Amino acid sequence: MSSNTHGLPLHTHKPSRRTTANRIFAVVYGCATLALISHHALSLLNSTTLTSFFITLTFLISDSILAFMFATTQSFHMRPIYRKEFPENLKRVVEESDFPALDVFISTADPYKEPPMNVVNTALSVMAYDYPTQKVSVYVSDDGGSALTLFALMEAAKFARHWLPFCRNNNIVDCSPEAYFAIDRDSHLSDQVENIKVMYKRMEVRVKNVIERGKVAQEYITGEEEIQAFSKWTKEFTRQDHPTVIQVLLESNKDKDITGNLMPNLIYVSREKSKTSTHHFKAGALNVLLRVSAIMTNAPIILTLDCDMHSNDPQTARRALCYILDPEVQPKLGYIQFPQLFRGINKNDIYACEHKRLFQIDPMGMNGLSGSNHLGTGCFFTRRAFFGGPSNFLPPEIPQLSPNNLVDKHIWSSEVMELAYCVAACNYENNTNWGLKIGVRYGSLVEDYFTGYRLQCEGWKSIFCHPDRAAFYGDIPINLVEVLNQNKRWAIGLLEVAFSKFSPITFGTRAMGPLMGLAYAHSGFWPIWSIPIISYAFLPQLTLLNGVTIFPKVSEPWFLLYVYLFLGAYIQDFLDFVLAGGTFYRWWNDQRMWIIRGLSSYLFGLIEFLLKYSGISTHGFNLTSKVLDEDQRKRYEQGTMEFGIPSPLFVPLTMAAIVNLVAFAWGHVEVFRGTSNNLEGLFVQMFIAGFGVVNCIPIYEAIIFRSDGGKIPRKTCVVATFLAFLLYLAAHVTLRNSATKNVF
């Protein structure tokens, strides 16, 4: 199918050929799951001891959660579609002068965890878009209020005068300087490349020197305008308490590159912060950008980017226009989401940072429903989508913030700047709809998930655009504790939505229909994976150590049901992963990290959410560090997991590794001794323990064989061993009267 304008297709889509097979599998697997849950329920009713009742209840709860998550997963398989765009046809449909203006929002918050050179490369890459220059405005939100970040952007503005014409005149597609210079090039451009590379390296050295010093030294401040800009950083200026800073670094109406062409707007924004005002983290910063940009440029299209997510294709904005300019799609189009893709992932992606299911497979499945969820970066929004549903416009409190307002004043004019400072004030949102019904939504640490979800509940549709050439590339954390902390933050934010009045199961299902409701519920209830993962990581092993059979014997029909459920789930997941371009080893590490997250991030996220829900204070938002340690980088490239930082997140992982290994070894001892009358019934428990052992191999290496800085700290090993022993004692006391009995 295609959408045609004047006989020329701007985009096409086709359904997946696996749709019918997916639906049949969903029905068959669902029936098998219901049979197992029914059997658990009957066994629970017929339990004769407290021990059997507890064990059966645990598996009933765990398998019910697995069944629920399976049902939510199938929503992605009901109608997946693949889309293709034809940006080359745009010029025959509309003149470039009629392209809608584009505001780009780049978010950063800490110059030490998010290096300013990442911000520089991201900004330069989108400034080099193949798009009418005077229609592009790049806004950088510095939520840390750092003079170091402002200095880096000032340097970027100077370098852009050379970089943009270089990209334009030579048809460069790797428009991030760092990405471009990372590749050896032996073309006729060698002299030009060397010259501009020297300029870039000089800029990089200046920025890094400023970062190392922690301040902008006097020798780097060369003009009156720069002196005035940095004078705002007084002794009273702190990260959490400072006035608004808005600095126009480039202006499209007057600033030109070395070839005489006008350049895009480049604007630095650091909103006012006060310790007495709630700032709502990234969501609050984005809403300030929405208001400030409305006052200054008010482009109808907004691209949101993380500071480390640089453009990889200058045609990306035109690709988004293939949908935005389609009159059949445009009236209800809220946003166009591109996948998050990453450079620097090691060969087998040991930390599953690719998140192929989250960033590629699941959005593709939602594409055939109401559209992809919002993934936090690489997303083109229509500004109108932030002001109520398609048929329910909610006007902002002042007309200048309306998406229909025409900006007819100079961005440096006193009137514009005065109003921009006003709407960036920390108390501006008091008694308004911002964050509630207008703009990026508050109420969750995962503002991207919540905002996209709320927009679709209001009636907006979305598009998942996954071109052959990646639109954006980002950076990833390269040590395990950063990965797990990031996932823990996501877990808390998702639960804040899942158990709110906007829960996808209730509110979402009514607003969008059952399939979209289940699709959002799948992500929203992610952290409850921890319950079945923990149950299967410990309970079968502890009962095995005490000679208690809790699963059917190999000769019993119910054994075949367990085999089918296990193989069916894993084979479907494997096929989805590989058919989406993955490899076996990456899939294996992906499922291993699913188990690791369940024993750490999801567990701690669930606990922290429950504490917060109970009114007990917990830690707030924590940034994921993008700073690279060379030793960690080497180990990561070698495919070695990093456990070197002492963290409570590693304790349950180490406990599970110990318990599974001991149980697996003890099971073999029982087999060789031949002392058990019920070995056939212990097969499933031995298999689960063995499966756990195979998944825990990196943990055993980090405990026993490694001597580098990435090994598991001795304190963690001691604490985990002690807790594992206590867990065994508790199980032994509880199960001592059930030995050799078949609880199943």
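Glycine is no exception: its Cβ is also placed from the backbone N, Cα and C atoms.
All annotation found in TrEMBL is predicted automatically rather than curated by experts.
Just so it is clear, the model here is predicted, and its values are computed rather than measured.
Around the Cβ of D143 (active site), the number of neighbouring Cβ atoms within 10 Å comes to 23. Residues or ranges marked as active site in TrEMBL: D143 (among others).
Other Cβ atoms within 10 Å of the Cβ of D448 (active site), summed over all protein chains shown, number 24. If you look up TrEMBL, you'll see D448 (among others) marked as active site.
Positions annotated as UDP-alpha-D-glucose binding site by TrEMBL: S107, K113, E114, D143. The Cβ of S107 (UDP-alpha-D-glucose binding site) lies under 8 Å from the Cβ of S141, D143, K282, A285, L286, T304, L305, D306, C307, each on the same chain and at least six residues away in sequence.
Cβ neighbour count for D306 (Mn(2+) binding site): 23 (other Cβ atoms within 10 Å of its Cβ, all protein chains included). What TrEMBL records for K282, D306 is Mn(2+) binding site.
Feature annotation from TrEMBL assigns transmembrane segment to 21-41 (among others).
According to TrEMBL, the feature transmembrane segment maps to 53-73 (among others).
Tertiary neighbourhood of the transmembrane segment (518-539): same-chain residues 55, 58-59, 61-63, 65-66, 68-69, 71-76, 358, 362, 365-366, 369, 373, 449, 453, 490-492, 494-495, 497-498, 503-505, 508-509, 512, 550, 594-595, 597-599, 601-603, 605-606, 609, 652, 655-656, 659-660, 688, 692, 727, selected by CB-CB distance under 8 Å and a gap of 6+ residues from either end. Feature annotation from TrEMBL assigns transmembrane segment to 518-539 (among others).
For the transmembrane segment (559-585), the list of distant contacts is 18, 25, 29, 32-33, 35-36, 70, 347-348, 354, 356-357, 360-361, 364, 551-553, 591, 684: same-chain residues at least six beyond its ends, Cβ to Cβ under 8 Å. Sequence annotations record features per position, and here TrEMBL assigns transmembrane segment to 559-585 (among others).
Per TrEMBL, transmembrane segment is recorded for 643-666 (among others).
Per TrEMBL, transmembrane segment is recorded for 686-705 (among others).
Residues annotated as transmembrane segment in TrEMBL: 717-735 (among others).
Counting every protein chain shown, 25 other Cβ atoms lie within 10 Å of the Cβ of E114 (UDP-alpha-D-glucose binding site). Reported as a whole number, the C-alpha separation between K113 (UDP-alpha-D-glucose binding site) and D448 (active site) equals 21 Å.
Neighbour density around each Cβ, counted as other Cβ atoms within 10 Å, peaks among the binding-site residues K113, K282 at K282. Through the fold, the transmembrane segment (53-73) approaches residues 29-30, 33-34, 36-37, 40-41, 43-44, 47, 518-519, 521-522, 525, 528-529, 531-532, 535-536, 539, 543, 550, 569, 734, 743 of its own chain, all at least 6 residues removed from its boundaries and within a Cβ separation under 8 Å. 643-666 is the stretch from 21-41, 643-666, 686-705 with the greatest number of Cβ pairs below 8 Å to the transmembrane segment (717-735). Counting only same-chain residues 6+ beyond the ends of the transmembrane segment (643-666), those with a CB under 8 A from a CB of the stretch are 479-481, 484-485, 488, 534, 537-538, 540-542, 544-545, 596, 599-601, 603-604, 685-686, 689-690, 692-693, 696, 699-700, 702-703, 708-713, 715-717, 719-721, 723-724, 727-728.
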